[in-house]
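Engineer: What TrEMBL records for 1-49, 114-188 is domain 'RRM'. The region 'Disordered' feature in TrEMBL is assigned to 60-111. Residues annotated as compositional bias 'Polar residues' in TrEMBL: 90-108.
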Amino acid sequence: VDIVALKTMKMRGQAFVIFKELGSSTNALRQLQGFPFYGKPMHIQYAKTDSDIISEMRGTFADKEKRKEKKKAKTLEQSANAPNKKVIQGATQNSASAPGTTPQNQVPDNPPNYILFLNNLPEETNEMMLSMLFNQFPGFKEVRLVPGRQDIAFVEFENENQAGAARDALQGFKITPSHAMKITYAKK
């Protein structure tokens with residue numbers, strides 16, 4: 001249907017190809033994954049949200065201003081409820097540490113936070129790869145890479161509980177065979 005390639009530094013080397021049907025995009029993803037493009041293998045992933053064109057076709061389009069307002073209202077509401085959730089998270093964190101956990105999954109950690117700190121990432125990691133990995137968890141907001149440091153990143157969630165669920169599920173996830181991701185709560 002469309003190809004979107006932004007020219008900003010942040011989006012350099014990335015493009016969004018919009019297909020009318022999911023089957024077509026899946027076929028393209030499978031056939032072109034790793035295909036050399038200007039001497040580099042392509043890394044292809046699904047976008048984390050539907051494009052405006054697809055949203056309009058499905059009748060689910062809400063303009064960007066309305067989405068921003070909704071998101072801001074939701075964030076304010078959750079920050080008002082945050083003090084109560086800290087106590088609950090602390091209680092479940094203590095009871096959740098089972099004696100059968102492996103040493104690999106035990107990473108020294110900071111107090112619970114809605115922002116996760118990732119390290120031991122491979123050099124080829126990019127924002128879209130991490131977004132695809134974390135957007136499957138409720139409350140996912142954004143991924144932030146650190147300029148000049150490809151081995152670390154931050155992932156923000158709406159609250160500490162949601163961040164904790166993602167951390168527990170993806171702790172030790174191997175992005176490449178030699179890089180098991182280490183996830184901790186970011187320092188406050």
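Numbers here mean position along the shown chain, with the first residue as 1.
Using the three backbone atoms N, Cα and C, a Cβ is placed for every residue, glycine included.
Mind mapping these onto the model and telling me what they sit next to?
Structural biologist: Summarised by DSSP class, the composition of the domain 'RRM' (1-49) is 11 helix, 10 strand, 28 coil.
Summarised as a single figure, the pLDDT of the domain 'RRM' (114-188) averages 91.
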